[in-house]
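Taking it in order: structure first as structure tokens, then the write-up.
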Amino acid sequence: NSSDLSPSFILASIPGLEAAQSWMAIPLCSAYILAVAGNCAVLLVVRLEPSLHAPMYFFLCMLAAIDLALATATVPRILSFYWFDSREIGFGACLLQMFLIHTLSAIESTVLLAMAVDRYVAICHPLRHAAILTDAATAKIGLLAMARGVLFFLPLPLLLLPLPFCGSRVLSHSFCLHQDVMNLACANTTPSVVYGLTAILLVMGLDAVLICLSYILILKAVLRLAAWRERLKVFSTCIAHICAVLAFYVPLIGLSVVHRFGKDLAPLVHIIMGNIYILVPAVPTPIIYGVRTKQIQRRIL
């Protein structure tokens, strides 16, 4: 029960199924391999196919790289725990993993917003699309997304760094999240709570509102078209992006609700929601874009 400025934490095991964790890691590993293969295929196809050298597919490459980094920052560590019973994670490693998870999620949210703006300009102002979203502008948006994620979420581990930790060191997930680590501190965590909530609202919350606004404007433009077939054809160019947005925000909202209101839920729910939050955005996005984009299909074949 003694406090320690540099403690280690214990990753959460699957309650009641500790003996079967090595078997349950197999589908997790399979999903990770699928995510790596799918996102690497997207990166390679866009690089090799000149017809895909457009802002929408450059943003898709950013999304694929982010999903690769996010999955790689967490899943190998989870697999080492499930297969080799490596439950303990050091304080520094936990803070680094926590920083990567939150920062990469913020960057992904910004890229999804940029893709929504790309769809808005392509549908509502098609003649100005090439002039507005140039290659240079796309690169600047990518750099801005990275800077935004780092600047907003770098303070999270810095606020936890001086806190003492005592009592239980067992996390709620098989990886480190800010709220999970913060709840184990035996000190006043009000600054960390306030800043964490503010950062999430100003990044993910604001991005979600702006994405919804973009699609309201897109729907208004589509409904002004005369023929239903033309409306469906134009709006179908947004289907893949809408699926990518849902794959990112639904697990994020679900995990937030579990943390906020799920204190009485079984620990298994926390672990399942955490794993869904890590892997669901990374797996379906390349599949969706592969199905919806004929150039990607041809290159893969």
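Note: Cβ is positioned from N, Cα and C throughout, glycine not excepted.
Since we're looking at a predicted model, the values are computed, not measured.
What TrEMBL lists as domain 'G-protein coupled receptors family 1 profile' is 38-289.
The list of residues near the transmembrane segment (20-45) in space but at least 6 beyond its ends in sequence, with Cβ under 8 angstroms from a Cβ of it, reads 13-14, 52, 60-61, 64-65, 67-68, 71-72, 75-76, 78-79, 81-83, 275, 279, 282-283, 285-287, 289-290, 295-296, 299-300. What TrEMBL lists as transmembrane segment is 20-45 (among others).
According to TrEMBL, the transmembrane segment annotation covers 57-79 (among others).
Nonlocal intrachain contacts for the transmembrane segment (99-121), taken as residues 6+ away from its ends with a CB within less than 8 angstroms of a stretch CB, comprise 55-56, 59-60, 62-63, 66-67, 69-70, 73-74, 128-129, 132-133, 141-142, 144-146, 148-150, 152-154, 156-157, 175-178, 199, 203-204, 207-208, 210-211, 214-215, 217-218, 237-238, 241, 244-245, 248, 252, 278, 281. The transmembrane segment feature in TrEMBL is assigned to 99-121 (among others).
Per TrEMBL, the feature transmembrane segment maps to 141-165 (among others). Same-chain residues lying 6 or more positions outside the transmembrane segment (141-165) and placing a CB less than 8 Å from one of its CB atoms are 3-5, 7, 58-59, 62, 95-96, 98-99, 102-107, 110-111, 114, 178, 181-182, 184-187, 189, 191-192, 195-196, 199, 202-203.
The transmembrane segment annotation in TrEMBL covers 193-218 (among others). Packing against the transmembrane segment (193-218) from elsewhere in the chain are residues 102, 105-106, 109-110, 112-113, 116-117, 119-120, 123-124, 148-149, 152-153, 155-156, 159, 178-179, 182, 235, 238, 242, 245, 249, 252, 256: each is 6 or more residues past its ends and has a CB under 8 Å from a CB in it.
The list of residues near the transmembrane segment (239-262) in space but at least 6 beyond its ends in sequence, with Cβ under 8 angstroms from a Cβ of it, reads 63, 105, 108-109, 112, 115-116, 119, 177, 179-180, 200, 204, 208, 211, 215, 269-270, 273-274, 276-277, 280-281, 284-285, 288-289, 292-293. If you look up TrEMBL, you'll see 239-262 (among others) marked as transmembrane segment.
Marked as transmembrane segment by TrEMBL: 268-291 (among others).
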For the transmembrane segment (57-79), distant same-chain residues with Cβ under 8 A (at least six beyond the ends): 11, 25, 28-29, 32, 35-36, 39-40, 42-43, 46-47, 89, 97, 100-101, 104-105, 107-108, 111-112, 114-115, 118, 135, 138, 141-142, 145, 174-175, 244, 275, 278-279, 281-282, 285-286, 289
Taken over the domain 'G-protein coupled receptors family 1 profile' (38-289), the model's mean pLDDT: 90
